[in-house]
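**Student:** Take a look at this one; I'll ask things after.
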Amino acid sequence: MSEPSKEELLARIAQLELENEQLKQQNGKKSQHEQFNKIDDNFSLDEYKRYGRQMIVPQFGSLESQIKLKNSKVLVVGAGGLGSPALLYLSSAGIGKIGIIDPDTVDTSNLHRQVIHNTEMVGEFKCISAQNYINKLNPHVVVEVYPTALNNDNAFGIVSQYDLVLDCTDHPAVRYLINDVCVLLGKTIVSGSGLKSDGQLTVLNFANSGPCYRCFYPQPPSPDSVTSCSDGGVIGPAIGLVGVAMAVETIKIITGYYTKDNFVPFLASYSAYPQQQLRVFKMRKRQKDCAVCGENPQISQRMIEDGTINYKTFCGRATFDPIDDKFRVSPKDYDSVVQNKKKHILIDVRPREQFQITHLPNAINVQWDPTFRKADAIEQYLPDDSTKDDEIYVVCRFGNDSQLAAKKLIGMGYPNVRDIIGGLDKWSDDVDSKIPKY
């Protein structure tokens, strides 16, 4: 038997550390619960006091509804901008058990919007960070964590343990997976999404009779149209509002406020700019020809678990045609051009907002989208004394749009064009750490 590799040992150490942390959390939970003796079959005095202000709201449903919350088990997929506020309010409201699944770790760039995490938790799994916060917020809630990605292999085993699922992800492939698994298991989904200053939420497969995600979107969006928070940016409170609303819908479902008779499929849309606006649209009912919840379903648990349904293939990948390596230079190579004061032109194709955050000296800002991408000529943006034989270097944030721009310049007849590999992000790593990453 061969000796385990360094990578295998490190993975095993990480797993043992996670198991140790979970045991400590469980032991701490036991000691916390011992402090609260029940005064009846339902709650301790602390719980009556903790939840009293929501139990006296007529629409909530008094003690009966609070008991339903305590007996419920909710899975939250994603502990980011949507999942963070949803987790805070669901745990505060008294959900009995909350599962959190997220493979990512906390990064400093998350903290302006993912409010369940803090600076001390940077580098920690998001689900562990969220668990730590919830344990301090409400010791009556049991928290189960899954520091892994939801996939074809584990989805049914995890989702089957819960009554309801919150989809707080930002990946179309995972969104379709959650939908299909929940429909096949008869679970209701509270689904949210958000980007920049806009967000949406809806309730899917309500009581296993309402429309599902595939009823609304039989086909996924074009991969080229999908923008991440990293690329498009995000206003924290705008997305947080959607996460809070998801918690409200979850409470209404669990407490029985919604019934098959009064529930109407809807899509709620929130926009923060230019004026705050919240609109609710009535959506169509379950579709008879839906691939998973229709009269003749084409998707089964077996097909998902054996990989017949490949969600990444179904959703596709963004098409990207990289430029030939001979037209690319490293940040250090470009730095040599600058240090030697060699005549050249530097074009920065990032959006104006990003250019204003930081840029290299003497850079000319020509946004790739929509300006550069649609342009038939580029001369109007270049210095008056420039010629087509000048050396032109193109930079962006990560080195993707700059390749597209460089290729277009070559097609326009500029022979001496070079793309700066890795963009400003790589420049910060290799040349000047004072250039901020954002």
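A Cβ is built for glycine as well, from the same backbone N, Cα and C atoms used for every other residue.
According to Swiss-Prot, the record shows the following:
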type     : residues                                                                      : note
BINDING  : Gly81, Asp102, Ser109, Asn110, Leu111, His112, Arg113, Lys126, Asp170, His171 : ATP binding site
BINDING  : Cys212, Cys215, Cys290, Cys293                                                : Zn(2+) binding site
ACT_SITE : Cys229                                                                        : active site, glycyl thioester intermediate
DOMAIN   : 340-436                                                                       : domain 'Rhodanese'
ACT_SITE : Cys396                                                                        : active site, cysteine persulfide intermediate
**Student:** So how many other Cβ atoms are close to Gly81 (ATP binding site), meaning within 10 Å of its Cβ?
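**Tutor:** Around the Cβ of Gly81 (ATP binding site), 28 other Cβ atoms lie within 10 Å.
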**Student:** Take the C-alpha atoms of Leu111 (ATP binding site) and Cys396 (active site, cysteine persulfide intermediate) and report the distance between them in angstrom, rounded.
**Tutor:** 24
**Student:** Sort the residues of the domain 'Rhodanese' (340-436) into helix, strand and coil with DSSP and give the three counts.
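**Tutor:** Split into helix, strand and coil, the domain 'Rhodanese' (340-436) gives 35 helix, 14 strand, 48 coil.
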**Student:** Provide the number of Cβ atoms within 10 Å of the Cβ of Asp170 (ATP binding site), excluding the reference atom itself.
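**Tutor:** A 10 Å sphere around the Cβ of Asp170 (ATP binding site) contains 21 other Cβ atoms.
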**Student:** To the nearest whole angstrom, what is the C-alpha distance linking the residue listed as 'active site, cysteine persulfide intermediate' and Asp170 (ATP binding site)?
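**Tutor:** Per the Cα atoms, the residue listed as 'active site, cysteine persulfide intermediate' and Asp170 (ATP binding site) stand 24 Å apart.
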**Student:** Work out the three-state DSSP category of Cys290 (Zn(2+) binding site).
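**Tutor:** Cys290 (Zn(2+) binding site) sits in coil per DSSP, no helix or strand.
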**Student:** Measuring CA to CA, name the entry from the binding-site residues Gly81, Ser109, Arg113, Asp170 that ends up nearest Cys293 (Zn(2+) binding site).
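**Tutor:** Among Gly81, Ser109, Arg113, Asp170, Asp170.
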**Student:** Beyond Cys212, Cys215, Cys290, Cys293, what residues of that chain have CB atoms within 8 A of the centre of the Zn(2+) site's CB atoms?
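**Tutor:** Counting only non-site residues, the set is Asn179, Val183, Asn205, Pro211, Tyr213, Arg214, Arg286, Gln287, Ala291, Val292, Gly294.
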**Student:** Closest to Arg113 (ATP binding site): which of the binding-site residues Cys212, Cys215, Cys290, going by Cα position?
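**Tutor:** That would be Cys212, nearest by Cα distance.
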**Student:** Could you give the Cα-Cα distance between Gly81 (ATP binding site) and Cys290 (Zn(2+) binding site), in whole Å?
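**Tutor:** On Cα coordinates alone, these residues lie 30 Å apart.
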**Student:** Here the recorded positions are Leu111, Cys215, Cys396; which one has the lowest number of other Cβ atoms no more than 10 Å from its Cβ?
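**Tutor:** Counting other Cβ atoms within 10 Å of each of the recorded positions Leu111, Cys215, Cys396, the minimum falls on Leu111.
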**Student:** Quick one: largest C-alpha distance among Gly81, Asp102, Ser109, Asn110, Leu111, His112, Arg113, Lys126, Asp170, His171, binding ATP per the record, in angstrom?
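**Tutor:** Taking every pair of listed residues, the largest Cα separation comes to 21 Å.
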**Student:** Find the average pLDDT over the domain 'Rhodanese' (340-436) in the predicted model and report it.
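**Tutor:** 96, rounded to a whole number.
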